[in-house]
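The structure appears right after this line, and notes come after that.
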Amino acid sequence: MTIESMDAKMSKSEELAVEQAYFDTAAEARQATVSSRTAANWSAGTAAERRAFQRVFDAAEPSFPDANVAFGRMDLEDGEVYYIGRQRVHDEEKQLLVLNWQAPAAAAYNQATARDPQGLLRKRAFTAENNRILDFQDTVFKELAEAVAELEQWESPDDALLDAMALKRSGQMTDIVRTIQAAQDKVVRMDKDRLLIVQGGPGTGKTAVALHRVSWILFNYQEQVKPQDVLVVGPNPTFTRYIKRVLPDLGDNDVVQKALPELLAHGVKVSGTEPDEVAAVKGSAVMADLIVVGLNDRIREPKAPVRIQLRGSGRLVDIPVAAIAELIRHFRSEPYLEGRMRLRAALVELANAELRVPGKSASADLLDPKSLESVLSGMWPQLSPPQYIRELLGSRDRIIRAAAGTDLRASEVSLLHRPMAGSISAEPWTLADLALIDEAAEAMHGEQELFHHIVVDEAQDLSEMQLMAIRRRSRKGSMTIVGDIAQSTGPTAMDSWSRVKDFLRSSLPADVVELEHGYRVPREVFALAEPVLKVAAPSVAPPKVIRSAGDGPQFTAEDPENLPAELAKIVLHHSGRGRFVGVIAVEEKWDEIRAAFRHEDIQWSESSSGGLSNAINLVSPEASKGLEFDAVIVVDPQSILDRPHGERLLYIALTRTTTRLDIVYPTGTLPGLLGGTASPDYVEGEPGQLTLMDVGAPVQHTLPLPAPLLRVPVAEPAQPLGPALAPVSAAPMPQSGATDAPTEAVEALGPIEQRMVVATAQIFAEEMTRSVQPNLRQAVLRELGRIISAG
């Protein structure tokens with residue numbers, strides 16, 4: 001329940017002035033704390049004490065000087081008042097002015113609901129810029145509980161969230177801390193010592209949950225976990241740059257954030273592509289065995305005595321075969337490079353023994369370095385991880401020997417071979433190759449940088465080999481894994497989280513939790529996307545979408561040769577209104593789109609370059625995962641459906657918007673999943689009429705009704721649905737945002753009841769607008785009244 005003020009004696013403007021004075025006082029105290037960071041503050045004490053001081057001051061210093069000191073306030077039933085912000089703020093008397101959101105005492109701010117207010121009388125959400133309060137909204141829990149007593153099954157987003165969703169997007173994910181909802185906050189604060197998998201559909205806030213969880217862990221376990229002990233892994237550089245400001249804004253500057261290709265790079269860059277069936281084989285866990293066997297295959301026992309030249313002379317020392325063979329068999333169990341180093345030391349020992357140098361310890365100085373290295377490399381080659389994988393994949397014989405005894409079929413083994421390029425840097429490395437290189441590095445070195453907690457976003461696309469690479473970087477298995485099975489695409493797409501749990505192999509408790517409510521994607525858009533979801537991932541429950549944007553998806557059909565120019569016009573329309581625009585198209589269409597953009601002098605960024613601008617962006621369906629835009633234009637949806645996992649890619653593309661969605665397609669190609677026929681046998685009909693669509697160009701229309709009610713074959717004339725319904729009036733339903741005065745019955749209610757009735761009626765009206773023809777709506781209302789009366 002949102003009200004203007006708790007204090008009837010004080011106007012809204014007066015309360016704003018009081019709150020602004022508090023913000024100013026807190027900002028001055030924060031600056032005083034930062035200014036006091038002088039050399040004298042930590043010239044004394046131990047190094048550990050000085051580091052502790054540093055952490056305290058880092059926590060107190062905002063990511064920029066004019067940052068808002070608080071985003072909320074909570075008033076407890078016992079009279080206590082707490083302001084909630086990103087960092088703690090104390091005055092010079094050590095009195096707490098602002099409580100940081102990660103603190104246990106602040107949990108109630110996000111978790112309080114009408115059913116369980118957790119001791120709160122109210123919470124206040126501030127809208128502020130540069131520490132200047134623009135507005136606030138109050139939620140009073142007692143009145144809210146009374147108003148929604150019969151509606152508790154619905155998730156009710158607070159006004160701060162709805163306000164934030166209405167704001168313009170940008171090229172970076174920002175301002176999320178003030179919009180965390182109760183169900184999300186409970187996931188954020190789950191115990192760190194577990195493998196936590198968070199399933200969430202589009203707009204459910206799973207990325208925000210994961211990043212807040214990092215901040216919460218760092219605050220509540222700061223003696224155990226330092227920022228550099230936390231690793232956040234994103235699917236690609238575009239996504240990683242998109243979220244890079246979030247953790248600093250939460251006060252956590254030193255967390256390690258890496259895109260998956262960067263994490264597994266080992267000095268090489270992805271420059272090649274390969275068929276999905278090849279990537280699928282490389283991504284399977286059996287490749288780990290193949291890599292170990294193949295590495296062992298490079299170690300050879302000599303067939304004849306080994307001869308090493310002495311330094312500075314032509315004299316040779318012979319080492320017996322049996323002695324060397326025994327050493328090699330012993331060292332094979334070591335990591336590859338460790339075993340090689342120990343064999344080298346053993347060769348020096350044996351050479352000294354053969355030379356019978358009394359009273360001297362073994363020394364390589366007696367041996368010619370080149371001769372020693374040549375002998376050693378003949379038995380145990382010096383290899384880097386990229387070099388080994390390059391030589392393995394470049395030799396059919398080596399692949400076949402390494403695959404012997406594995407579960408790989410002959411057809412799969414043959415897919416692995418590719419001719420070697422001229423050098424390691426010239427090799428057409430693929431993303432799947434990087435996990436092989438990382439596995440080779442593990443087999444060769446046996447060491448990885450370990451992290452106390454690992455967060456992986458968009459984890460639904462990871463291969464078994466990539467999951468294993470992430471797992472070996474975890475100290476104890478403490479991880480937060482987030483994603484959406486319905487958005488799993490690519491050669492290693494998954495249909496459940498069970499395989500992820502299996503290959504992360506954590507000894508800690510493992511939980512899969514689901515975020516059920518979608519806050520970002522408008523209901524009007526999800527009504528179009530939901531049929532696609534049912535085909536793309538039948539086992540995944542759709543999120544409960546709770547937000548309306550007021551406008552439904554817009555469809556534009558054009559002749560293929562004119563489509564890029566029409567697309568450019570739509571882009572300019574949205575960009576001219578200050579919207580953050582995402583144009584989602586398969587890369588095969590990018591050249592014609594680029595040409596149209598250049599013709600109109602449109603400036604844009606591309607996902608393939610690893611970053612987004614604040615204005616117009618050209619993005620592939622695959623790279624659009626996890627991103628959000630004010631306006632999304634999906635180009636030629638049929639071309640997206642034609643790709644592997646096309647239904648999932650189309651679902652992803654449709655659900656990237658927070659406000660506007662346009663579908664632009666060649667005439668006659670609108671897929672049936674979106675209400676079209678993908679053939680020129682249909683024509684566009686007027687709203688509410690059973691006529692035809694998708695013939696001729698250009699065509700523009702909205703899709704407020706389900707596809708089966710909007711289309712009939714050309715050969716059949718449009719007819720009423722039945723004589724019994726013919727007399728029914730076709731009075732239109734009120735549209736979202738209608739300004740007509742409420743009915744007398746509503747006006748007779750109290751203010752709380754009025755809001756509940758209007759909100760409920762609005763939901764029914766929007767649903768009927770989407771689902772029922774205008775000439776049937778009065779009949780539906782009458783039938784609804786009859787059913788309620790009978791009940």
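Heads up, the Cβ atoms here are built off N, Cα and C, so glycines get one too.
Whatever TrEMBL says is automated annotation, not expert-curated.
For reference, TrEMBL has these:
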DOMAIN    179-522  domain 'UvrD-like helicase ATP-binding'
BINDING   Gly200, Gly201, Pro202, Gly203, Thr204, Gly205, Lys206, Thr207  ATP binding site
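Those same-chain residues not listed among Gly200, Gly201, Pro202, Gly203, Thr204, Gly205, Lys206, Thr207 yet with C-beta within 8 angstroms of the centroid of the ATP site C-beta atoms are Asp484, Leu515, Gly518, Tyr519, Arg520, Pro543. Least crowded of the binding-site residues (Thr204, Thr207), judged by neighbouring Cβ atoms within 10 Å of its own Cβ: Thr207. Counting only residues at least six positions away in the same chain, the Cβ atoms of Val198, Gln199, Gly200, Asp457, Val482, Gly483, Asp484, Leu515 sit under 8 Å from the Cβ of Lys206 (ATP binding site). Its Cβ placed at the centre, Gly203 (ATP binding site) has 25 other Cβ atoms within 10 Å.
With respect to Cβ neighbours within 10 Å, the binding-site residues Pro202, Gly205 differ, and Gly205 shows the lowest count. According to its DSSP assignment, Gly200 (ATP binding site) is in a strand.
There are 25 other CB atoms within 10 A of the CB of Gly200 (ATP binding site), with all protein chains counted.
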